[in-house]
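Peer 1: In case it helps, TrEMBL gives these features for our protein:
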- A:6-27: transmembrane segment (TRANSMEM)
- A:76-100: transmembrane segment (TRANSMEM)
- A:107-127: transmembrane segment (TRANSMEM)
- A:147-167: transmembrane segment (TRANSMEM)
- A:179-198: transmembrane segment (TRANSMEM)
- A:227-250: transmembrane segment (TRANSMEM)
- A:257-273: transmembrane segment (TRANSMEM)
- A:293-312: transmembrane segment (TRANSMEM)
Amino acid sequence: MIMKDYLLIFIGMIILMIGVLIGVAYLTLLERKVLGYIQIRKGPNKLGLIGILQPFADAIKLFTKEQTYPMFSNYLVYYFSPIVGFSLSLTLWMMIPYYFNFFSFNLGFLFFFSCTSLGVYTLMISGWSSNSNYSLLGGLRAVAQTISYEVSLAFIMMSTIIMIMDFNLLKLMDYQKFIWFLILMFPLSLCWLSSSLAETNRTPFDFAEGESELVSGFNVEYSSGGFALIFLAEYSSILFMSLMFVLMYMGGYSLSFIFYLKLSFLSFVFIWVRGTLPRYRYDKLMYLAWKSYLPISLNFLLLFLGFKIILFN
Amino acid sequence: MFLIMILILLFIIISNIMMFISMILSKKSNLDREKCSPFECGFDPKSSARIPFSLHFFLITVIFLIFDVEIALIFPMIKTFKLVNFFLWVKISFFFIIILLLGLYHEWNQNMIEWTN
């Protein structure tokens, strides 16, 4: 009996993984389309029906490009860091909360934190090991940015955890039955949204790969497979961050269909922000993390602690 | 736990296979000395990419380390909520967060999180 359960979970995870990969592929298509329409032009619309097959063509093109071996690079580390990053971002998807067929971690939030914190290493190591000044600068920036935003992310998340007093993600849907945490913890939820933009190195904060100053940031020296894996990892972490936002702040009832509509709306928001906002300035980014989000989230942590205590008494 | 381990292994293997497939499929060409040199807008690199060390980024990392340890100390608070004396829990948690907040303001006051000076 337990073996059958194991088999079911295993098959479910495989299907989830394939779903994530296809979702990531179509997220790139959505991004190109949306950016196209924002700039009053059409995105890719030739391949397949209306550009439906574009992501697969992109993938085939990426995987058949030439792979480079940068001189004096630490080749083994250079080769393996995208792989580690990609498998980490797939591992993150194990904590998707369901009552059946998946794991429902008791300490899901802790699992989330351990996986996202490990993601920093792949950025740093891929920047450092390719022996280029641009990629080193991009890697340093990415590390400083991700690290600073991780602190505020953790404290904002602590407020949510204190509201539900559990690390289990399934609890979130019980506590948001009547009111979304988006409204209940209003400014803080938007802080989480922008912190997750910074955590995934998305556009208003994409200093890790600022095209205008560093050519492509930490992945200058990467071509075909390595670049594809970095790209996939980045986009799957975008999807996961929007999943976390829907879970934590928009009534995370993950069994309903509307949940996935909200998820895709939030990943659309990620792209929308990219099409709208110009890049920030690096020192302002650091100030935003340390002088604005961190004090605000700590003060709100005190507030929600008091709120919980009043409720409990 | 065993299943989680197996699945993590599976993910690692799948990503390795993807990289390996791209190594097999990718275009092969003669290795050129100029092509393999690090990208620097058409110039030869003037300085080594291994020597630079920024004290500023290092200091940010040290501050991050302090806060991260404090986060790790706060996490058990949740699990002990239903186990310990309520009054003591409230006192300790408030005390802890206020210390954290005052520490942040102190660092702000000492210009530790100043980026340009």
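Any Cβ shown, glycine's included, is placed from N, Cα and C.
Note: TrEMBL annotation is automatic and uncurated.
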Peer 1: Sequence gap of 6 or more, Cβ distance under 8 Å, 3 or more pairs: do the transmembrane segment (A:107-127) and the transmembrane segment (A:293-312) meet that?
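Peer 2: Answer no, regions not in contact.
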Peer 1: Taking A:6-27, A:76-100, A:179-198, A:257-273, A:293-312 as candidates, which has the most Cβ pairs under 8 Å with the transmembrane segment (A:227-250)?
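Peer 2: Selected stretch: A:76-100, with the most Cβ pairs under 8 Å.
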Peer 1: Cβ pairs under 8 Å with the transmembrane segment (A:257-273): which stretch of A:76-100, A:179-198, A:293-312 has the most?
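Peer 2: Out of the listed stretches, A:179-198 contacts the transmembrane segment (A:257-273) most.
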